[in-house]
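A.B. asks: Pulled these from TrEMBL:
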TRANSMEM  56-78  transmembrane segment
DOMAIN    56-454  domain 'Ammonium transporter AmtB-like'
TRANSMEM  85-106  transmembrane segment
TRANSMEM  148-167  transmembrane segment
TRANSMEM  174-196  transmembrane segment
TRANSMEM  202-231  transmembrane segment
TRANSMEM  243-264  transmembrane segment
TRANSMEM  276-296  transmembrane segment
TRANSMEM  308-326  transmembrane segment
TRANSMEM  332-350  transmembrane segment
TRANSMEM  362-382  transmembrane segment
TRANSMEM  402-424  transmembrane segment
Amino acid sequence: MYFCFDMAGGDVATACFATSPVEGDRPGWRGGGGRGGCVWVNEQIREEVMDKADTAFILAAAGLVLLMTPGLALFYGGMVRGKNVLGTIMQSLVLISLISIEWVYLGYTMSFGPDLGGLVGDLSWFALSGVTTAPSPDYATTVPQTVFMIYQCMFAIITPALITGAFAERVRFVPFLVFSLLWAICVYNPVCHWVWGKGGWLGALGVLDFAGGIVVHATCGAAALAGVLVLGNRKGFGRTSFMPHNLPMTMMGTGLLWFGWFGFNGGSAMAADEVAATAFVATHLGGMAGMFMWVVMEWVTQGKATTLGAASGAIAGLATITPTAGFVAPNAAIAVGCVAGVVCFVAVNSKTRLGLDDSLDVVGIHGVGGVVGTLCLGLFASTKVNPAGADGLFYGGGVGQLGSQVLGVVVVVVYTFVVSLVLFKAVHSFMGMRLEGEAEVQGMDSTEHSETAYNN
């Protein structure tokens, strides 16, 4: 590799990389001698030089992903009854603190540390030991490793926060914190390493997940189902209508989530480049298509479209496009969003018939959406969009990639469900996770936090 430079006038005016001095030459360049020339440099060094534009982009993306957690708090908070709104918001916000601490000491090294048999990272980076501002040769080679670490921290925060919607209005605060910490250690960190970590066994088998269809949405959906089964339904489920107490709050949360999702998906390119642009566009198109189809489904089946339906459809589309965002063309992104709007609508409207009180539709939107999106990657992915990806079935790639995606979904969903079931049962048995009796009637705000959202 040659580094070609021109220092006419005493300043570095232009530079480029080339595989030979000739390739680096351009009109007006002097190939060696004078103030210009070509110097052989090591390609590995070139690939690990920090890029200021990429770094600024990922830092901004990390801020956007963090914004999604308070956005989720508002989204969920508006959907519950007024006596539970503060407790619901608190569950999301407190995880910013709890999971950040866990991520610094254990989460990052378990997820992205040096590989142990493809299953988990070792403890070499415990408490961020050895994690510096130098780019990593394995992850995000143009941004400081500390930037990559903090960006991934935001994913680790919002994933357990998503689960809280499934058991909304009926869990005690301290047992919830214990469960969330154990879940991050036992589920999120290993699965993250399997798919995204260097040497992770699912990644090595070709499983692709651009921004978290498996790692975030499939895991939270499987855990949500386990939580509903262990903790049971709210009092009056199937007989009482649990109407959202503040839909404008939910719509505001939807807007913040949608805005933050551009950082969630776009930032997963780990560079300010054409892949990030592809993911950014696909994110918007997936969200809008999901919203459109959900509203259509409501109009066809109920005769009216609702604001809650529009919000739910948008989140379904955004969740479903997440694993595919950096691998699909715009038309394919719209197709994925449309599929999400229909399939997730059917899933959400099946919960009462199945007798499962998934309070805020975590399984139907995030779980189903994450799985569907992951499988859609095996259909719609194209190497013309992203050469680092694969060609799906519809783009001449055969069934190979689809098979890999099926494997990833089955393994992660089963593992997450079983481990989550054990954790829920253990915490509930030892600490009493369920809000019982009169406490549930009074609501989480007064019984768990000794405050109320509305004093008039």
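Heads up, the Cβ atoms here are built off N, Cα and C, so glycines get one too.
Looking at the shown structure, can you explain where the listed features end up?
C.D. replies: Counting only same-chain residues 6+ beyond the ends of the transmembrane segment (56-78), those with a CB under 8 A from a CB of the stretch are 85-86, 88-89, 91-93, 95-96, 140, 143, 147-148, 150-151, 153-155, 157-158, 161-162, 164-165, 168, 244-257, 259-264, 266-267, 270-272, 276, 311, 315, 360.
Distant neighbours of the transmembrane segment (85-106): 66, 69-70, 72-74, 76-78, 123, 126-128, 149, 152-153, 156-157, 160-161, 164, 168-169, 171, 173, 176-177, 180-181, 184-185, 189, 245-246, 249, 443-445, 448-449, 451-453; these residues of the same chain sit at least 6 beyond its ends, with a Cβ under 8 Å from one of its Cβ atoms.
Remote same-chain partners of the transmembrane segment (202-231), defined as residues 6 or more beyond its termini with a Cβ less than 8 Å from a stretch Cβ, comprise 118, 155, 158-160, 162-163, 165-167, 170-171, 183, 187-188, 191-192, 194-196, 264-265, 268, 279, 319-320, 322-327, 356-358, 362-363, 366-371, 373-374, 377, 381, 389-390, 400-401, 404-405, 407-409, 411-414, 416-417, 420-421, 424-425, 428, 433-434.
With a threshold of 8 Å between CB atoms, the same-chain residues lying at least 6 positions outside the transmembrane segment (243-264) that come near it are 60-68, 70-82, 85, 155, 211-212, 280, 283-284, 287, 307-308, 311, 314-315, 318, 322.
Residues 57, 210-211, 258, 261-262, 264-269, 305, 309-318, 320-322, 324-326, 328-330, 332-338, 340-342, 344-345, 385-386 of the same chain lie 6 or more positions beyond the ends of the transmembrane segment (276-296) yet place their CB under 8 Å from a CB of it.
Outside the transmembrane segment (308-326) by six or more residues, the chain places 75, 79, 208-214, 216-217, 244, 247, 250-251, 253-254, 257-258, 261, 264-266, 268-269, 275-276, 278-279, 282-283, 285-295, 297-298, 332-333, 336-337, 339-341, 344-345, 348, 361, 365-366, 369-370, 372-374, 376-377, 380-381, 385-386, 389 with a CB less than 8 A from a CB of the stretch.
Counting residues 6+ beyond its ends, the transmembrane segment (402-424) has Cβ neighbours under 8 Å at 179, 182-183, 186-187, 191, 194-195, 202, 205-209, 214-215, 218-219, 221-223, 225-227, 229-231, 371, 374-375, 377-379, 392-393, 433 in the same chain.
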